[in-house]
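Per TrEMBL, the features are as follows:
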BINDING   Arg91, Arg101, Arg129, Asp218  substrate binding site
BINDING   Asp218, Asp242, Asp246  Mg(2+) binding site
BINDING   Gly281, Ser282, Ala283, Pro284, Asp285, Ile286, Ala287, Gly288, Lys289, Asn290, Leu291, Ala292, Asn293  NAD(+) binding site
DOMAIN    2-348  domain 'Isopropylmalate dehydrogenase-like'
SITE      Tyr136  site 'Important for catalysis'
SITE      Lys186  site 'Important for catalysis'
Amino acid sequence: MKIAVLPGDGIGQEVTREALRLLELLELPGLEVEHGEVGATAYRNQGHPLPEATLELARSSDAILFGAVGDPSCDNLERHLRPEQAILGLRAALGLFANLRPATAFPGLEHMSGLKPEIAREIDVLIVRELNGDVYFGDKGTRVREDGQREGWDMMSYAESEVRRIAHTAFRAAQTRKNRLTSVDKANVLETSQLWRDVMIEVSAEYPDVELDHMYVDNAAMQLVKAPANFDTIVTGNLFGDILSDQASMCVGSIGLLPSAALGERQTDYGTFGLYEPIHGSAPDIAGKNLANPMATMLSLAMLLRHSLGREADAERIERAVAEVLADGVRGGDLGGSATTTEIGDAVVTKMVSIS
Ligand code: NAI
Ligand code: MG
């Protein structure tokens, strides 16, 4: 069993360090943990944001724990040398096509959400976003038309196989939750969406225990803030998923609490290969000051244990410890509290020991 740890830049280093304390505490038999460089750190030391050695390490692992990349000192570099190319390069090179973004309310934090507390309290949704296709990857360009106007275009397209593989990921995820899957599209106007819907229905035949329904994306955006409790698992394309997942995460309240997974097709001996990271970036404004909330990275580690290593009980232990520490009132600056990164780490470690 091997995990590649890529802390990256800024607070990526600090939050990853705290998450690794939890991993050590679990004492998984036969686990190998190897560190690699990405982002500005890798550019400074090795001349490239995603060095070949890091890619090799990632390929030879069962899962990747990723911190964050990004550094203001790199703003003037050519695009292919910018730190952010590391995460894009890893997703592409490793075929990570399924982005899992859970947004779950934590008891006691309802007032941090922009929603009414009684609505925010109910959120427990998993968004499964397709990550390799759609309008981001279709033919694109700009030109000057004959009438002299400038014109830009981005083609939205999905191949059947791309929809089918994300459908399987989403149905399987729904099976580990409340067996309800909402497929979000715009089938009333888009051909890609009609294909998406048809394939979802075809695949649903293989998952008779999961209840599938369909919703137009504009309605889904509305329902997410009006009655989020009506959702369990959502599956959607790259563009709609980009927007809806950010929307859902803000319903929870803080960027320092939200984990994510990017899964591929490759199966390991223990589960599905994937890359796990907090949804936040490298936060240069607070980097190196012991102010970052490491909980999003801890919860990303829990997802790693669940999906890539088949360690559900360990995943739940971390999730429970984080929720209880929050309920105890230990809060980082992102939640209006004063607990430092290491203090939050200490509190979660202590909690983990007490609930073993
Ligand atoms: P950011 O997520 O790094 O920070 C946004 C705000 O939230 C900042 O005020 C920051 O202090 C705060 N924040 C973020 N995480 C926090 C935590 N764990 N605890 C407490 N406060 C936290 O986004 P921003 O500022 O737009 O980007 C900074 C750099 O990160 C950029 O270079 C950007 O490209 C990169 N980035 C990298 C990502 C990745 O590695 N996947 C994702 C998003 C941004
Ligand atoms: Mg990130």
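The backbone N, Cα and C atoms fix where each Cβ goes, glycine too.
Cβ neighbour counts within 10 Å, taken over all protein chains shown, single out Lys186 as the most crowded of the recorded positions Arg91, Lys186, Lys289. In this structure, Lys289 (NAD(+) binding site) belongs to neither helix nor strand by DSSP; it is coil. Cβ neighbour count within 10 Å across all protein chains ranks Arg101 highest among the binding-site residues Arg101, Gly281, Asp285, Ala287. Take the mean position of the Cβ atoms of Asp218, Asp242, Asp246, the recorded Mg(2+) site; other residues of that chain with a Cβ within 8 Å of it are Val217, Ala221, Leu239, Phe240, Gly241, Ile243, Leu244, Ser245, Gln247. Confidence annotation: the domain 'Isopropylmalate dehydrogenase-like' (2-348) carries a mean pLDDT of 95 in the model.
The Cβ of Asn293 (NAD(+) binding site) lies under 8 Å from the Cβ of Val15, Ser254, Gly256, Leu257, Gly332, Gly333, Asp334, Leu335, Thr341, Ile344, each on the same chain and at least six residues away in sequence. Among the binding-site residues Gly281, Ala283, Ala287, Lys289, Asn293, residues whose Cβ is positioned under 6 Å from ligand 1 are identified as Gly281, Ala283, Asn293. In the shown protein chains, 15 other C-beta atoms lie within 10 A of the C-beta of Asp246 (Mg(2+) binding site). Close to Asp242 (Mg(2+) binding site), meaning Cα to Cα within 10 A, are the following recorded positions out of Arg129, Lys186, Asp218, Gly281, Ala283: Arg129. Counting only same-chain residues six or more apart in sequence, the Cβ atoms lying under 8 angstroms from the Cβ of Leu291 (NAD(+) binding site) belong to Gly332, Gly333, Thr340, Thr341. Spatially, by CA atoms, the recorded positions Arg91, Arg101, Tyr136, Asp285, Lys289 include one closest to Lys186 (site 'Important for catalysis'), and that is Tyr136.
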